[in-house]
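TrEMBL annotations:
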type     : residues      : note
ACT_SITE : D9            : active site, nucleophile
ACT_SITE : D11           : active site, proton donor
BINDING  : D9, D11, D177 : Mg(2+) binding site
BINDING  : D20, D95      : substrate binding site
Amino acid sequence: MAGIVVVFDFDKTIIDLDSDNWVIDELGATDLFNRLLPTMPWNSLMDRMMKELHDQGKTINDIEQVLKRVPVIPRVVPAIKAAHALGCDLRIVSDANVFYIETILKHLGIHDCFTEINTNPGYVDEQGKLRILPYHDVHHGCSFNTCPPNMCKGLVIERMQASLAKKGKKRMIYLGDGAGDFCPSSKLKEQDFVMPRKDFPVWKLINDNCDLIRAEIHGWSDGEEQQHVLLQIIKAITIEESQFLSADCCKFQTIPINTVHEALLKALPLP
């Protein structure tokens, strides 16, 4: 499994809603948020909302307690633990922020399953106020209009790919739901897999732009299906690589390509 990297989005892929909206709604700042929403970019708005909440007397502990009761997609935590136990390299690429994500992952007991968390920086300043900053300091210049100005996930995936190639890690599985997950999906290679959440923005974008996607597509609708598809993909890769390893050990053997194809068909459900 050392050659498999599994990359998760966070909101609506691990937890079952948008973490920013959850915090704002639970702390009673929805009306103010809606008034400010048309006036500034989302990332800047969230930083402003943290100031407003602080001025209203809300503490970091209040935010942490809200995050700890966030709804999690059923079966996702066992799926993450299973993939980690199998030796997969698990990472997160998310447009949430590091404070939210780490608080939730630690509460769920799966923080140590991940080797990387790529997201907007967040820290508590000297006044006890949560600050949220953009992942990219300047506009990333991505050609896809689905990427928000503060973060292009496709650039993150390209950086990962360059690093992983040097380490001999060859296969990537990407899971996401939002429009911002289309760009990274387009960066995946033919040997990779993309798992878009069905009937969410990335699902429509992929279906409307299949010519831009080289990875094999396997959708999921809920946690049970996500767990099943993810573990079946890992199983399929294991079958494929074990067959090629066997061929490499026995130079006189040649494995027909249809043998690998049949193994994948048996292990994977139809998209």
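Every residue, even glycine, has its Cβ placed from backbone N, Cα and C.
Remember, it's a predicted structure, so these values are computed and weren't measured experimentally.
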Excluding its own, the Cβ atoms lying within 10 Å of the Cβ of D20 (substrate binding site) add up to 20
Cβ density check for D95 (substrate binding site), other Cβ within 10 Å (all protein chains) comes to 26
Students should find that the Cα atoms of D20 (substrate binding site) and the residue listed as 'active site, nucleophile' sit apart, in Å rounded to an integer, by 14
Densest Cβ environment (other Cβ within 10 Å) across the recorded positions D9, D11, D177 belongs to D9
Surrounding the recorded Mg(2+) site, with Cβ no more than 8 Å from the Cβ centroid of D9, D11, D177 and those residues left out, we find F10, K12, T13, I14, S94, G176, G178, D181, R197, F200
